[in-house]
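Colleague: Quick one: this structure, given as structure tokens, is what I'll be asking you about.
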2 protein chains.
Amino acid sequence: MLYLVGLGLSDETDITVKGLEVVKRASRVYLEAYTSILLVNQEVLESYYGRSIMIADREMVESNSDEILRDADKEDVAFCVVGDPFGATTHTDLVLRARELKIPVSTVPNASIMSGIGACGLQLYNFGQTVSMVFFTDTWKPASFYDRIKENRSIGLHTLVLVDIKVKEQSLENMARGRLIYEPPRYMTVGQCASQMLEIEEEKQEGVYTKDSLAIGAARVGGKTEKFVSGTLEELCNQDEALGPPLHSLVLLGKRTHELEHDFAREFAVDKEKWDRIWKADYAQS
Amino acid sequence: MLYLVGLGLSDETDITVKGLEVVKRASRVYLEAYTSILLVNQEVLESYYGRSIMIADREMVESNSDEILRDADKEDVAFCVVGDPFGATTHTDLVLRARELKIPVSTVPNASIMSGIGACGLQLYNFGQTVSMVFFTDTWKPASFYDRIKENRSIGLHTLVLVDIKVKEQSLENMARGRLIYEPPRYMTVGQCASQMLEIEEEKQEGVYTKDSLAIGAARVGGKTEKFVSGTLEELCNQDEALGPPLHSLVLLGKRTHELEHDFAREFAVDKEKWDRIWKADYAQS
């Protein structure tokens, strides 16, 4: 059996009891470690689970999945994923490949950022599609997120923006020379995300949002040091210190809101009076 | 401390290790048991957790929350919620009340149907807002879900439809006479949901969807007996036997799809050739 085991959002104790039983008895244990990370490292997990873990990087999952699936028709293989196993496309692919090989698959769900973000006080019912934000370079500024946000806002919905992480990336030079030297990991912050959003609005000028649009920055959702900061996009450009270490996410508010959402998120506001003023003018339902 | 503890979707072993530790050491343990249910009963949970559990019904949570919060400034109270604690508005209210009373609050996230539904093979990125479907009566057929689905479909997105459960409901007669006699619990099925959807389309005639629109029925998501059936809304009106016991949910597909979604969900199709035909005509991205 191939088990897809969700690890949840934060540390080694976020695994479910069911998931822990699977990990303890599986023949091999993989950890998918390129679409998200926990707040603890591999050694902590190995010690807690009492198992050694093989790191499955993008190359292995996307090009060498048969190694992960080896003998999974006869024994149990645990493929562990931060959050919930069905957050990312890649894992759908793995399941389809398992089906081709007649390997049975079982899923152990867990918290995902897509539901855990509810802890910021915005109602999950009021969220539209989720978007991703990648690190811009001088020459590459993919802006498809902008159109998706436009769609969500056209019907009043909030947008969860998941931000980029770069692990095990090679510099162009090292890649060209075939040197297996990797850059230090990089995790996008709420500040970087907010300023890239404003950069694209500046360029497109479609008024999908402005520097005064309300948003919530989230850090380490579901962890003991979980932190939210709410304010305008402009304010959130400068709140990385308050938010602290990765992982970050950002929610851009839609205009279909509930009073409870105002009250709950006001607690986290950079400037509570400004929050109230903009909310009353632009977000309050009549 | 008030702990909001997510229990996950299925049975007693879906609690996280962190959540189980909280439940074991809390002074009092409540179970919110009116917005969703697990597939196991209270006795199984009590025996597994080694704790007695107080059932918190709607009346208690909404009108008597101070009893739940009693002494939570001095001791630990665990408020357990099926799925993730922030799925429903009610729990936001409880947190706001705790803040007023200066009671610290901590959340233990878990799988929610809003992310667990990803196991049906549709990408979570392609979902719009979630809607709810209540049991219609002869005189009460609330159809706000229809406008929400229209919005989602106008931008190509899938819609998760969460279906009604009725627990601890009184008949009008018993309520009028003040008799605390409760009706047997009722859980809406995918078949009831699909036929109520078609009833409203028939009435509104806005062409938001038709009897040939593709959808996926889901039962007991995240559980060992998890089951999906995909097909047209008309087909799903008659698949309750195949789906089996509660809880059910339904996803109506949007037209912005990925080929992987087709392949994954085809496996569950009532009629695979029909699935392919309709997908090719109406859902495939050019």
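Cβ coordinates come from backbone N, Cα and C, glycine included.
I grabbed these lines from TrEMBL:
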- A:Leu9, A:Asp84, A:Gly87, A:Ser112, A:Ile113, A:Val163, A:Val221, A:His248: S-adenosyl-L-methionine binding site (BINDING)
- A:1-236: domain 'Tetrapyrrole methylase' (DOMAIN)
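Can you tell me where each of these features sits in the structure?
Modeller: DSSP assigns A:Leu9 (S-adenosyl-L-methionine binding site) to coil, not to a helix or a strand. Other C-beta atoms found within 10 angstroms of the C-beta of A:Leu9 (S-adenosyl-L-methionine binding site) number 27, with every protein chain shown included.
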Colleague: Would you mind listing, in sequence order, any of the binding-site residues A:Ser112, A:Val163, A:His248 that have a CB less than 8 A from a CB of chain B?
Modeller: A:Ser112
Colleague: Out of A:Ile113, A:Val163, A:Val221, which has the highest number of nearby Cβ atoms, where nearby means within 10 Å of its Cβ, if these are the binding-site residues?
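Modeller: Of the binding-site residues A:Ile113, A:Val163, A:Val221, the most buried by Cβ count within 10 Å is A:Val221.
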Colleague: Give me the count of other Cβ atoms within 10 A of the Cβ belonging to A:Ser112 (S-adenosyl-L-methionine binding site).
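Modeller: Total other Cβ atoms inside 10 Å, all chains included: 31.
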Colleague: What's the longest C-alpha separation between any two of A:Leu9, A:Asp84, A:Gly87, A:Ser112, A:Ile113, A:Val163, A:Val221, A:His248, the listed S-adenosyl-L-methionine-binding residues, in angstrom?
Modeller: 17
Colleague: Sorted by position, what residues of the same chain at least six away from A:Asp84 (S-adenosyl-L-methionine binding site) have a C-beta under 8 A from it?
Modeller: A:Gly6, A:Pro109, A:Asn110, A:Ala111, A:Ser112, A:Met114
Colleague: How many other Cβ atoms sit within 10 Å of the Cβ of A:His248 (S-adenosyl-L-methionine binding site)?
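Modeller: I get 26 for this one.
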